[in-house]
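S.K.: Dropping a structure here in structure tokens format, bear with me for questions.
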Amino acid sequence: MQTYLVGGAVRDRLLGLPQGDRDHLVVGATVEQMLALGFTQVGRDFPVFLHPKTQQEYALARTERKQGRGYTGFVCHASPEVTLEQDLLRRDLTVNAIAEDEAGQLHDPYGGIEDLKQRLLRHVSPAFAEDPLRILRVARFAARFHAQGFVVAPETLALMREMTEAGELAHLTPERVWKELEKVLLGPTPQVFFEVLRECGALAALFPELDALFGVPAPAKWHPEIDTGIHTMMVLAQACRLSPELAVRFAALCHDFGKGLTPPEFWPSHHGHGQKGLPLIRDFCERFRAPNECRDLALLVSDLHTHIHIAFELKPATLLKVFDKADAWRRPERFAQLLDACRADFHGRTGFEERVYAEPDYVARALAAAQAVPVKEIVAAGFKGEAIREQLAKRRLDAISRVRDEWTFLED
């Protein structure tokens, strides 16, 4: 019976990165032996155990045989006869197929250490093609390790393209796709994930609303990068710089879906694109069962981001309608997220990364002034019923107007 540290912990240590979960592989043991040593079995589909003291995971060495389509159609075989090399062969990437024994000796039968040095994400064997989820995992790894200079090996990218063309991605469940999407959006450079998917054709297969944006031009005056798909990736990168929140980053991803619907004869203008994108966002969120908070913020950003961009041109009454529509009175935190997404949209353009964008600050100040209007004073003044609501709106409008006047004075 031999125990090895495997997977991400070994990879990250060799890269000099913080180690996450420590997964162990046990070769030459039976279920009965593990239980006798005090381990607790937790694996349903294959033998995985928790260490009695550390609670770290220990899995028996196993092989996998494809039976059926998709990423769930596998039959696992675990026995004391399965070797270390056989177990590592079933793994996705060579950099994840390195093992370290209890003496600290590395075992690298498939060249993972060299690929770490070359910064390559390369599949271990042709069996990679049996699991379509690996397309998303490789794209996510490319995003996760982008800062370290990793790229997908050409032969792996070619295999991912073959899998996509064979329709394998159709076998992924919506929940599993969203889980991968959520992981990558919470990472540092999610735009790389979508770029890799586009290279292998998977973006069109999984996220056609996003793929449709590439090649769609926008006015060069406001979008020197021209391409709406490129702009969306730049906005996503800015959103990651501005906010750690999943909903903000997701909203940044979806904010220009409507531009993909503009007929070419109207390019590069996209009048009303925010509203045109709303059905696409709803369908996207329903398809992948996205959390309500992600859906709701994405809809708000698509609908209102152009209003925020021209906030200085809006009448106070129009700005009050924006606050009402966004339910900013009851959901001020979500409105702050909307402003962050708008900041990402503004700065996500070539040459605009460091430009001053004061509109969200003005809008936030106007909202704060309107929120400060005391309802108790209105009631104390004798207003009743519908008159309370009307008087509250009037006083909020006056508060916004004062902010507008003061802001104009400060700017001058």
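Residue 1 is the first one shown; counting continues down the chain.
Backbone N, Cα and C define each Cβ position, glycine as well.
Because the structure is a prediction, the values reported are computed rather than measured.
Here Swiss-Prot flags G8, R11, R91, R137, R140 as CTP binding site. Taken from Swiss-Prot, the feature ATP binding site applies to G8, R11, R91, R137, R140. Look at Swiss-Prot and you will find D21, D23 tagged as Mg(2+) binding site. Per Swiss-Prot, domain 'HD' is recorded for 228-329, and the stated evidence type is sequence analysis.
Describe the structural context of each listed feature in the structure shown, including burial, neighbouring residues and relevant distances.
M.R.: Counting only same-chain residues at least 6 apart in sequence, those with a Cβ under 8 Å from the Cβ of R11 (CTP binding site) are V95, N96, I98, G112, L116.
On its own chain, G8 (CTP binding site) has Q19, G20, D21, D23, N96 as residues at least 6 apart in sequence with a Cβ closer than 8 Å to its own Cβ.
Averaged over the domain 'HD' (228-329), the predicted model reaches a pLDDT of 97.
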S.K.: For the recorded CTP site formed by G8, R11, R91, R137, R140, name the remaining residues of the chain with Cβ within 8 Å of the site's Cβ center, in chain order.
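M.R.: For the CTP site the neighbour list reads G7, D92, L93, V95, N96, F141.
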S.K.: Taking 10 A as the limit, how many CB atoms besides its own sit near the CB of R91 (CTP binding site)?
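M.R.: Within a 10 Å radius of the Cβ of R91 (CTP binding site) lie 22 other Cβ atoms.
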S.K.: As a quick check of your reading of DSSP, tell me how many residues in the domain 'HD' (228-329) are helical, how many are strand and how many are coil.
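M.R.: With helix first, then strand, then coil, the domain 'HD' (228-329) has 78 helix, 0 strand, 24 coil.
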